[in-house]
Amino acid sequence: AGATTIASAGAAIGIGNVLSSSIHSVARNPSLAKQLFGYAILGFALTEAIASFAPMMAFLISFVFQVL
């Protein structure tokens, strides 16, 4: 549970970084806003994938090291 919480916190920080970078990029060059939005969505998806893999790995480890 602790590993999952840490991974979720890391994913939240990553999403914040992606959003911040997207806002700064559009502010510097508004004509590329459409292309940068696609990159931002890709960044969000990859960051959320890490957040969804963390509980799966935590459950996998808990089932593998289960005491018989």
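Even glycines carry a Cβ here, placed using N, Cα and C.
In TrEMBL, annotation is done automatically, which means it is predicted and not curated.
Since we're looking at a predicted model, the values are computed, not measured.
Here is what TrEMBL says about this protein:
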DOMAIN    2-61  domain 'V-ATPase proteolipid subunit C-like'
TRANSMEM  6-27  transmembrane segment
TRANSMEM  39-65  transmembrane segment
Do you know the DSSP helix, strand and coil residue counts for the domain 'V-ATPase proteolipid subunit C-like' (2-61)? 59 helix, 0 strand, 1 coil
Per-residue pLDDT averaged over the domain 'V-ATPase proteolipid subunit C-like' (2-61), given as an integer: 90
